[in-house]
Every structure is written in C-alpha cells, then in structure tokens.
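Per TrEMBL, transmembrane segment is recorded for 38-59, 71-93, 105-131, 208-230, 251-272, 284-303. Annotated domain 'G-protein coupled receptors family 1 profile' per TrEMBL: 52-301, in sequence order.
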C-alpha cells in the first residue's frame, strides 16, 4: 500500500507539473475600479507612441537636412520603440477590453522572446548613438569618414540582430522549466521575473544565466555609454565659447535622459534576486522602460532639437 500511495503521489505531482498549458496575465487586477480608466489611458499612450515616433521616422527619412548619422540612428530608434511597445501593450489592451486574461504558453514564450530581442536591440542602439555623439564631438574632423553610410548601416543591422540568437536560447531555457506553483502571472505581460516565480524547484542556474546575459547586453553597453559621455563632457568643457558648450550639451542631454530612464529601471528589475521581487514594484518599473520611455522619446528628441523642429515645420508647410 505504501508503494501504491507513492505511485499515486508521483502521478499527482506529474499531473500538477504538466497541467499548466496556459497562463493568466493578472495585469493591474488589484485595481478593479480603475480598469476602464487604465484602458483609456493606455489606449491614448499607445496612440501617442505610434504617432510621435512615426513622425520622427517620416521626418528623418523625407528631410534632406536630417540625412546625417545622428538622425539615421534616431529613425531606427523610433521604429524600435514602436515595435517594443507593440509587443506588450496591444495584448494588454485587448485583455482589458475583452476581460480575457488568458495567454497560451506559446504566445507567452513568443511575447517574451520578442520583448528580450527588442530590449537588447535598444541597449545596443543606445550605445551606438552615444558612439556617434562621441565621434561627432571629440573627433569632428574624422566624423564623416568614421561614420560613413556603410558603417552606419552595419552598426544598425548589428544592433537589430546582435542579441537574437542568445535571447531565443534564453526564452527556450526558461520555457523548458516545469510550472506547478500557479498559472497566474502577476504582471501585464510575460516577463522573466514573474514567470520564474511560477517554476518548480530550484531556478538558481537560470537566474545566474539571466545575470550573465544582462551583464553582456545591458551592463557592458551602459559602461560604454558612460565612457563615451565622460569623454564628451570633458571635450565640451574645453570648448572656447559658452554658445558651443550649450549646443553640445543640448544635443547630448536628451540622449542621456533616455539612457538613464531605460537602463536605470531595467537594471533594478533584472539584477534583483527572485526573492526580492515585489509584483507591484516590478510592474511600476516595467511601465518606465516599456511605456514611459517610448512615450517621451519623441518629446525628448524633438522639442530639444532645433533641426527636428525646423524639419517638422518644413513638412507642415509642404503638406
């Protein structure tokens, strides 16, 4: 009878492990009275992101004055922001409208994979943009040669494709785990920390691999950006005129603000141990690097840039 009990218990455990065939994204279900308000706010935010970033893409492509490496990368960055937010926000909006919060394992894995790939692309592209500013300010005479069209296209393609194999592998690794604690993800999209909380057994090996990937794809680019800006600031301070210093700082400060917003909140999310993760804090931090940054990207880059404002006015006059 002891063997029978053990077998039954084993079958029950196996059943519990394999029972999770879909997840439930709880979103902000702790705010039941604000679901309609959240739906309206996130819908407006999504439209602002689409329109604002699309305008930057159109302006940088159509206006000959903006056919420079800086605006070439800005155009790519705006396309990236549209893709990045479209991986998470539309799916959450649909769940708010239909009240259907379930998501299949395959859909969840696909969402996470694209989210990680685009997040890595953003990290690389921000590093490339800082390198562009470093060459422009610290080596202005060599700038046209160093940042030639071929080099710009290579850097852009490298940013888009560089992290793809690793992030596909990481997604496969995470979804090869068994999930037995629950099928409820306390988040508004499929992200690594809340998914790991549902996994059975010890996930420390997976956490270490996540830290390694974050170090390579976030910490290293951030250190390169930091090094670039130390050199840039040192060069700016040596400029002879106050007007020159103001213009140089104005060009770089917008990029630096986006870097701090993105890397700051993402690093806090992924560098904390699983036991230290709070669902509320995770969701708040995720809002910053998935929604707030793409929303303010057009404002930060356009209102602080006279070339973009002038190009926008020219576009309005033409139309």
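If you go along the chain as it appears here, the first residue is 1 and each next one adds 1.
Any Cβ shown, glycine's included, is placed from N, Cα and C.
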Same-chain residue ranges lying at least 6 outside the transmembrane segment (251-272) that approach it to Cβ under 8 Å: 70, 119, 122-123, 126, 129-130, 133, 137, 191-193, 210-211, 214, 218-219, 222, 225, 229, 232, 236, 282, 285-286, 288-289, 292-293, 296-297, 300-301, 304-305
Spatial neighbours of the transmembrane segment (38-59) far in sequence, C-beta under 8 Å, 6+ residues away: 28, 31, 66, 74-75, 78-79, 81-82, 85, 89-90, 92-93, 96-97, 291, 294-295, 297-299, 301-302, 308, 311-312, 315
Same-chain residues at least 6 beyond the ends of the transmembrane segment (284-303) whose Cβ lies under 8 Å from its Cβ atoms: 42, 45, 48-49, 52-53, 55-56, 74, 77-78, 81-82, 84-85, 88-89, 119, 187-189, 191, 254, 257-258, 261-262, 264-266, 268-269, 309, 312
Overall pLDDT for the domain 'G-protein coupled receptors family 1 profile' (52-301), taken as the rounded mean: 88
